[in-house]
Amino acid sequence: MNRAKLDSIRGAGPAILPSVLNCDFGNLMAEVDRLREAGTEILHLDVMDGHFVPNLTFGMPIVEGLRRHTDMPLDVHLMISDPVTYAKPMVDAGADMLTFHVEAVKDPVEVAGKVRDLGVGVGVAINPGTPLSELDVCLDSVDMVLVMSVEAGFGGQTFNPVAIDRIRELRSRYPELLLEIDGGINLSTIGAAREAGCDLFVVGSAIISSDDYTVAVSELNDAMMSANGGSR
Ligand SMILES: O=C(CO)[C@@H](O)[C@H](O)COP(=O)(O)O
Ligand SMILES: [Fe+2]
């Protein structure tokens, strides 16, 4: 991978990124095919270590398997305590965008630089309870901010509207910064996030728990596109 994929992620916005967190892992490749056929273009992969968050998901072997299966860009959300150690293995496995949590590291500028040196896009994520000012030091060092609209760790949680104010504030301060929102995005919440100026919308259960992924993605897409997209 190289930073060219970052351009394709940036160029895709506004876009819906399905999270496979709550999908049928016994049929992961078929699930990815269904998401692709439903019209999504970028996969969001939630990596959890059971330490930074109280949940465990998957690591490099699954990312590598997905990389062999699909040419969709892989947006990897690292909910792990030690993103630096796992950054290169994740890039070698096929990640195109690596997002670490600001709460997990002492020096986000240094971590962002190390990820960028690997040739991929770098994002920084922030939980709803963390002051937005924690990001100030590193906003010039990242390609994307992932504004969490739930506390990281589990799919299917209720949307926290503080994320809307955060997206609006970041958009007004950084008109060109790529902004992603993650957690509780559904037909009731996606429009407000778009109006606040968000580019990338991670959706887990609102797609995965539907009977028909194509219908779910299409309805979400309509709601997203019919909202006024702020300053971008
Ligand atoms: O990072 C996370 C959870 O920590 C997310 O990516 C969720 O997987 C999104 O799922 P829903 O909230 O849409 O169900
Ligand atoms: Fe996520």
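Cβ atoms are placed via backbone N, Cα and C, with glycine included.
TrEMBL lists SER19, HIS77, GLY153, PHE154, GLY155, GLY156, ASP182, GLY183, GLY184, GLY204, SER205 with the feature substrate binding site. Under the heading divalent metal cation binding site, TrEMBL lists HIS44, ASP46, HIS77, ASP182. The feature active site, proton acceptor is assigned by TrEMBL to ASP46. The active site, proton donor annotation in TrEMBL covers ASP182.
Features per TrEMBL, on structure.
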residue : record                             : DSSP (3 states)
SER19   : substrate binding site             : strand
HIS44   : divalent metal cation binding site : strand
HIS77   : divalent metal cation binding site : strand
GLY153  : substrate binding site             : coil
ASP182  : substrate binding site             : strand
SER205  : substrate binding site             : helix
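Neighbouring residues of the recorded divalent metal cation site, listed in sequence order and excluding HIS44, ASP46, HIS77, ASP182, comprise LEU17, SER19, LEU21, LEU45, ASP75, VAL76, THR99, LEU146, VAL202, GLY204 (Cβ within 8 Å of the Cβ centroid).
Within the same chain, the residues at least 6 positions away from HIS77 (divalent metal cation binding site) whose Cβ sits under 8 Å from its Cβ are HIS44, LEU45, ASP46, VAL47, THR99, ALA125, LEU146, ASP182, VAL202, listed in sequence order. All chains included, 26 other C-beta atoms sit within 10 angstroms of the C-beta of HIS44 (divalent metal cation binding site). Listed binding-site residues: ASP46, HIS77, ASP182, GLY184, SER205. Those with a CB atom under 6 Å from ligand 2: ASP46, HIS77, ASP182.
Apart from SER19, HIS77, GLY153, PHE154, GLY155, GLY156, ASP182, GLY183, GLY184, GLY204, SER205, the substrate site neighbourhood in this chain, defined by C-beta within 8 angstroms of the site C-beta centre, holds LEU21, ASN22, ASP46, VAL150, GLN157, VAL202.
For the binding-site residues listed here (GLY153, GLY155, GLY184), the lowest count of other CB atoms within 10 A around the CB belongs to GLY153.
Counting every protein chain shown, 24 other Cβ atoms lie within 10 Å of the Cβ of ASP46 (divalent metal cation binding site).
Less than 8 angstroms from the CB of SER205 (substrate binding site) sit ASN22, GLY155, GLY156, ASN186, each of them six or more residues away in the same chain.
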